[in-house]
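Heads up: the structure comes next, in C-alpha cells.
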Amino acid sequence: MTTFDDILEEAGKFGRCQKRIFALLCMVSMPWAGVYVGIVFQGFTPDHWCRDPEVVERRRECSWSLADSRRLTVPLVNSSGVPQPSTCEQYEVDWNRTGLTCDSQGLDLSGTPTTGCKNGWEYDYEGRQSFVTEFDLVCSDAWLVDMYQATLNVGFLVGSIAIGYLADRFGRKMSFLMSNLLNGIAGILVAVAPNYVSLLVFRTLYGFGVKGGWVAGYVLITELVGVEYRRTVGVLYQMFFSVGILILPLLAYYITDWRWLQVVITVPYIIFLSYYWFIPESPRWLLSQNQKSKAVKITEDMAKENKMTLSKNIETLADDNADSHTVSFMDLIRTPKMRKHTFILSYNWFTSAVVYQGLIMRLGILEGNVYIDFLISGLVEFPAAFLILFTIERIGRRLPFAAANIVAGAACFITAFIPDSMLWFKTLVACIGRLGITMAFEMVVFVNTELYPTFVRNFGVSVCSTLCDVGGIIAPFLLYRLAVIWLELPLIIFGSLAFVAGGLVLLLPETRGVPLPETIDDIEFPDRCKEKAAMKNQQLTNLLPQSDVSTNKETAVV
C-alpha cells in the first residue's frame, strides 16, 4: 500500500503547485481581520451629548461654537473625581422664555433642573458615521454594541462545527466555496440592514460562514503539503491575518461610512468564488471517500505542475487513515492525561480569544488616534510568527507557549498602572502584550494537534477551539462594561487570565522531536510512543536498499 505522503515524496512536498495554492489561500486570512475586529471602526463611539433642537437652532442664530452649545445643553457630572460634561442628561430649559439672549458666556444654567436625553444625541465625529451614531447606541442602549461582536462569535461557534462536518462530508473545496458564497451574501446584507435587530441577525450568519471557510482553507493547504511543511504553512497562513490588521485602519480612515467599509470587507469573499478554477480538492479527503481515481488525477496534475515524475507506486495509492474509529467526547476526558490536555488547551483557547479581542477592541475606547494606535499595534503582530518559527524547533513548544502567555499577562498588569502622562511607554508595554497574546493564539493551534492521537485529533481540536468562540462572545461584555467602572479594569482581568494560562501550559508535555501520537496509550504512556517510533525507523532502514540508505545519509549530512 502506498500512502499520499509517500506519493508526495515524488510529486513534490511543497513545489510550485502547492506554493500557488498557498498564496491564493493566504488571501482568505486578510478580510477575516476586518470581520473579526472591524467593530473598532464600524462600532466606534465618538464623544456625544444630548441633542436639544432649540439649542441647535440658537447655535445657528447666535453663531455659537459647538463647545458653547454643548455647555448650554448638558450639565457637568463627576467622572472618577473629575467634572465632565454628561453624555446622557440635559438641562430642562425653555429657550423661548424672555430674557435668554445670545450671550452664551453670560448664561449660567448650573442650577437648572435636568432630564434624560429626549431628542437623540449629537456626535463629534467629523462627518463620519458608525452604526453607533446611526442607531444611537449610547447611554442605556450602549450594551447593544457588545451584541455586534457577541453575535459574530455565536456564528463562529455554530459555523465552525457545522462547516467542519460539511468539509468532512462533502469535501474541503466545496465547503470553502459554499462558505464564501454565504459570506458574500451575508456581508452585503449586513451593509444594507435597515435596523439594528436585522443587523445582528445578518452578522450571525456572516460569522457562520467566515470562520468555517477560513478553517476549510487551513485544512486544505495543510493536507496538500508534506508533513515537514505543515507547521510553517499553518503559521504563515495565520500571519496573513496580521496583514489584514494593517490594511484595516487604512481602509477605515478613507472610508467614512461603516456601511461602505462593510462592503469593501465583503468584496474579497465574492472574488474567492473564482477559486473554483484555481484550487483542487484535497486528495487525502478523496482517498478517505474511496474516490481514488480523482485523487490520482489531482496528484498527477500537481506532479506535472511541479515538473516531477510519478512512479507506478501511485497505482497502489490508498488512504493512510483507513481504520475507522467511533469518536466521542469521552475519549477526550476518560483518561488522566487526555483529561488534563483537554482542560488546559480549552482554557488557553478561551484566554487567547478574550485577551486578543479585548486588547484590540480596547483601542476603540481610548482617547488617542484610533487609526494610528491600531496600525502600530498591528505591526507588532508580525514578529510573532517569526519568533514561533525560530523558537519551536530550537527551544521547544512548551516554554515559548508559556512565556508568550506570561508576557501578555505581565504587560496587561503593567499597562493598567502606567499613568496616562507616560503615553509612549504605556503604548510600548501594551504592544508587547499584544505580541505575546498573538504568539499564544497562533501556538495553541498546532500544539493542540500534537497532543491528541490521530483518530481523535480533528475532533479534539474542534471541541477545544469552541472555547475560543465562547471567549469571543464574552470579550466585548468584559471590556465595555468593566471599562465603565474603571478604564483599566479589563486589563487586570486579561492579565489574570493570561498568567493562569501560562502556568497551566507548563504542565503540558514537551512535543518537540516527539512523533505524533496514534493512540490514547501513546498519550498516557509517552515512553512507549518513543520506543515504537525508534523501532519503526529501524525497520524502515532495514527495508531500504543500501544505495537508498547511503543517499539518505548523504542528504542528512547536506
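Every residue gets a Cβ built from N, Cα and C, even glycine.
TrEMBL labels come from automatic prediction, so no person has curated them.
The structure displayed is predicted, hence computed values, not measured ones.
Summarising the annotation, TrEMBL assigns transmembrane segment to 21-44 (among others).
Looking only at the domain 'Major facilitator superfamily (MFS) profile' (99-513), the predicted model's pLDDT averages out at 89. Residues or ranges marked as domain 'Major facilitator superfamily (MFS) profile' by TrEMBL: 99-513.
Cβ atoms under 8 Å from those of the transmembrane segment (147-167) belong to residues 35-36, 39, 42-43, 131, 174-176, 178-179, 199-201, 203-213, 215-216, 219, 285, 353, 357, 361, 458, 462, 465-466, 468-477 of the same chain, restricted to positions at least 6 beyond its ends. If you look up TrEMBL, you'll see 147-167 (among others) marked as transmembrane segment.
According to TrEMBL, the feature transmembrane segment maps to 174-194 (among others). Within the chain carrying the transmembrane segment (174-194), a Cβ under 8 angstroms from the stretch's Cβ atoms is held by residues 35, 159, 163, 166-167, 202-203, 205-206, 208-210, 212-213, 216-217, 220, 259-260, 262-263, 265-266, 269-270, 272-273, 275-276, 279, 281, all 6 or more beyond its ends.
According to TrEMBL, the feature transmembrane segment maps to 200-221 (among others). Remote same-chain residues near the transmembrane segment (200-221) are listed as 18, 21-22, 25, 28-29, 32, 35, 147-148, 151-156, 158-160, 162-164, 166-167, 172-173, 175-176, 178-183, 186-187, 189-190, 193, 233-234, 237, 269, 279, 282, 469 (criterion: CB distance under 8 Å, separation of at least six residues from the stretch ends).
Residues of the same chain lying 6 or more positions beyond the ends of the transmembrane segment (233-254) and with a Cβ under 8 Å from any Cβ of it are 14, 22, 25-34, 36-38, 40-41, 217-218, 221-222, 225, 261, 264-265, 370-372, 374-375, 378-379, 381-382, 384-385, 388-389, 438, 442, 445-446. Residues or ranges marked as transmembrane segment in TrEMBL: 233-254 (among others).
The transmembrane segment annotation in TrEMBL covers 260-279 (among others).
The annotation transmembrane segment is assigned in TrEMBL to 344-365 (among others). Within its own chain, the transmembrane segment (344-365) is flanked in space by residues 36-37, 39-41, 43-45, 149, 153, 373-374, 377, 405, 408, 412, 430, 433-434, 437-438, 440-441, 444, 447-448, 451, 463-472, 474-476, 478-480, 483, 487, 490-491, 494, 497-498, 500-501, 504-505, 507-508, which lie at least six positions past its ends and keep a Cβ under 8 Å from the stretch.
The transmembrane segment annotation in TrEMBL covers 371-392 (among others). Residues 40, 231-232, 235-236, 238-239, 242, 245-246, 248-250, 252-253, 359-360, 363, 400, 427, 430-432, 434-435, 438-439, 442-443, 512 of the same chain lie 6 or more positions beyond the ends of the transmembrane segment (371-392) yet place their CB under 8 Å from a CB of it.
Sequence-distant contacts of the transmembrane segment (399-418), counting only residues of its own chain at least 6 positions beyond either end whose CB sits under 8 Å from a CB of the stretch, comprise 348, 351, 355, 359, 387-388, 391-392, 425-426, 429-430, 432-437, 439-440, 443-444, 447, 488-489, 491-492, 494-499, 501-503, 505-506, 508. Per TrEMBL, transmembrane segment is recorded for 399-418 (among others).
Same-chain residues lying 6+ beyond the ends of the transmembrane segment (424-447) with a Cβ under 8 Å from its Cβ atoms: 231, 234-235, 238-239, 242, 345, 348-349, 351-353, 355-356, 359-360, 368, 373, 376-377, 380-381, 383-385, 387-388, 392, 397, 400-401, 403-412, 414-415, 418, 461, 498, 501, 508, 511. What TrEMBL lists as transmembrane segment is 424-447 (among others).
Look at TrEMBL and you will find 459-479 (among others) tagged as transmembrane segment.
Residues annotated as transmembrane segment in TrEMBL: 485-508 (among others).
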Near the transmembrane segment (459-479), which residues from the same chain, at least 6 beyond its ends, have a CB less than 8 A from one of its CBs?
39, 143, 145-146, 148-150, 152-154, 156-157, 160-161, 164, 211, 327, 329, 331-332, 342, 345-347, 349-354, 357-358, 361-362, 365, 445, 448-449, 452, 490, 493
